[in-house]
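Colleague: Dumping what Swiss-Prot says about this protein:
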BINDING   Gly9, Pro10, Thr11, Gly12, Ser13, Gly14, Lys15, Thr16  ATP binding site
BINDING   Thr11, Gly12, Ser13, Gly14, Lys15, Thr16  substrate binding site
SITE      Thr100  site 'Interaction with substrate tRNA'
Amino acid sequence: MEAIPVLAGPTGSGKTFLALRLGEEVPVEVVSADATMVYRGLDIGTDKPTPEERARVPHHLVDVLEPHEAMSVARFLALAEEAIAHVLSRGKLPLVVGGTGYYIRALSEGLHDLPPPDPGVQEALWAELEARGLEALLAELARASPEDARRVGKNPRRLVRALEVLRRTGTPPARFPKRPPRFRYKKLVLWPDRAWLFPRLEERAKAQFARGLVEEVRGLLERYPRMPTALQAIGYKEVAGHLLGAYGLEEALERDIRAVKAYAKRQYTWFRHEPGDVVYLPRGGEEAYVGFRDWLCLHFGL
């Protein structure tokens, strides 16, 4: 089975730029592995490729859900594997691009075959999370399965799902049998120095505010006043807090910058332990393009 290329790395490292530039030279189609780009209407805060860019370089799993719809890792896996197969069937090369490590890990390593979600149990767990706090519930999961606790990290949605499975079945998710991956993957992880990345994250956040992020979030809140999961994304959550009167605009920007830097740190930690066929490229943005093309030439003949 031929391998599928994966371009991963922390937020702001230039993955979208590299994919778009490659797509202008080579007949590739992007399969997005980004947990927020799946949502329609979340454009500025996700740095989503524009419709014009996506017309030049086809993208899959972008703008496929409304903000109130849920995207689980199982749903992502099914959609992504379907998209990859579709691209291959037309003689094109799929390029998986994204920074949602959990999605990329599911693609390349397979996914545990868990029972379907139970909304009632999940609702009770969300209430418990609000009352007891994330650390208390994470400690409960860690006692049963340190592996699951490491995997969910501080992601409340994944924590709720893991505890739901544990409490319903008595078995933590990591001990369920795993469905093998449908395809084989080779991964290139952008690994720029933090001194290079973090100032760019600050400038990107400021640019998003200048481009109209506040207006984008205001429109989403008018349509979805109950703050669905999609509006908990970095940037959207911080701006929503401002629009709901919790703090001023300047503090919203400061919170956004802190949140995106913290997210990038978590991505560095996650991708540092990426399994499988992985190469780390110690650059980002335009500086990484030559290394990216060399890697593609070596492994894929592009």
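Placed from the backbone N, Cα and C atoms, the Cβ positions cover glycine too.
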Colleague: Any same-chain residues 6+ apart from Gly12 (ATP binding site) with CB under 8 Å of its CB? Would you list them in sequence order, or say none?
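Modeller: Listed in sequence order: Leu197, Arg200, Leu201, Arg204, Val260, Ala264, Gly284.
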Colleague: Using a 10 angstroms cut-off on Cβ to Cβ distances, just flag whichever of Gly9, Pro10, Gly14 is the loneliest among these binding-site residues.
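Modeller: Across Gly9, Pro10, Gly14, these binding-site residues, the one with fewest Cβ atoms within 10 Å is Gly14.
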Colleague: What residue among the binding-site residues Thr11, Ser13, Thr16 has the most other CB atoms lying within 10 A of its CB?
Modeller: Ser13
Colleague: Near Thr100 (site 'Interaction with substrate tRNA'), which residues of its own chain have a C-beta under 8 A away, given they sit six or more steps off in sequence?
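Modeller: Once residues fewer than 6 apart are set aside, Thr100 (site 'Interaction with substrate tRNA') is near Ala33, Asp34, Ala35.
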Colleague: Would you list, in sequence order, the residues of this chain other than Thr11, Gly12, Ser13, Gly14, Lys15, Thr16 that have their CB within 8 A of the centroid of the site's CB atoms, where the site is the one recorded for substrate?
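Modeller: Everything else in range on the chain: Gly9, Pro10, Phe17, Asp47, Gly99, Leu190, Gly284, Gly285.
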Colleague: What residues, ordered by sequence, lie under 8 A Cβ-to-Cβ from Lys15 (ATP binding site) and sit at least six positions away in the same chain?
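Modeller: The answer is Leu7, Ala8, Gly9, Val97, Gly98, Gly99, Leu190.
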Colleague: With a radius of 8 angstroms around the mean position of the C-beta atoms of Gly9, Pro10, Thr11, Gly12, Ser13, Gly14, Lys15, Thr16, what other residues of the same chain does the ATP site pick up?
Modeller: Gly99, Leu190, Gly284
